[in-house]
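Okay, structure first, notes after.
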Amino acid sequence: MAIILGVDPGSRITGYGVIQCQGRQQIYLGSGCIRTSSDELPIRLKQIFEGLTEIIRQYQPEQFAIERVFMAKNADSALKLGQARGAAIVAATFADLPVAEYSATQIKSAVVGTGRAQKAQVQHMIQQLFKLPAAPQADAADALGVALCHYHTHQSLVAMGGRASSRTYGRYR
C-alpha cells in the first residue's frame, strides 16, 4: 500500500492530488489547488512550499511525483514555472520523500491513452477513474494524473522485474 502525492506546478496555481494504491486498486484521497495571493514571486514560492508542506503533513505520502517543465514560448514564464517546481521539490525533500518527474505526454498517455489529450479529456477520465461526483479543477486533475502516471510506471517496472526505486523511471536528477 502506497500513498502518492502528485503535483502540477504553477507560480499562480499549483495543483495537487493524493491517491492510495493497493495492488491494482487506486483510491482517491484528496485533491485541490494552492492559489498564491501575492504578485511578488518570492512570496508565491513560499506559499507553494508551505501549502505542500501542509498537504504532506496531512496525508503522509510515501512517494512524490511532479510534472516536468515544458518549453514555453515566454522565457519569463518558463523561469517562474521552474522556480515553482523548485519550491515543490524542496517541500518533498524536506519530508524525505523520493521525487519522480514525468512529462506532460507521459501523464496524458497514462490517464487518457494518448499524449495529445486535451485538459477536458484528462478531467473527464480522472472523474471516471475515481468515480468522483464532478470533474476536479484542471490543475487538480492534472496532479492526480501525475500520481497515476507514477503508480503505473512503478507497477510496470515491478512487473518487468525491475527495481521500483530505479532512476530510469523519471526520478528527479
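Note: Cβ is positioned from N, Cα and C throughout, glycine not excepted.
Look at Swiss-Prot and you will find ASP8, GLU67, ASP139 tagged as active site, backed by sequence analysis. Under the heading Mg(2+) 1 binding site, Swiss-Prot lists ASP8, ASP139. What Swiss-Prot lists as Mg(2+) 2 binding site is GLU67.
Features recorded in Swiss-Prot, as mapped to the structure shown.
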| residue | record | Cβ within 10 Å |
| --- | --- | --- |
| ASP8 | active site | 25 |
| GLU67 | active site | 25 |
| ASP139 | Mg(2+) 1 binding site | 24 |
For the C-alpha pair, I'd like the distance in angstrom between GLU67 (active site) and ASP139 (Mg(2+) 1 binding site), rounded off. 11
If you run the three-state DSSP split on ASP8 (active site), which class comes out? strand
Once DSSP output is merged into helix, strand and coil, ASP139 (Mg(2+) 1 binding site) belongs to helix
Quick one: Cα separation, ASP8 (active site) versus ASP139 (Mg(2+) 1 binding site), in Å? 6
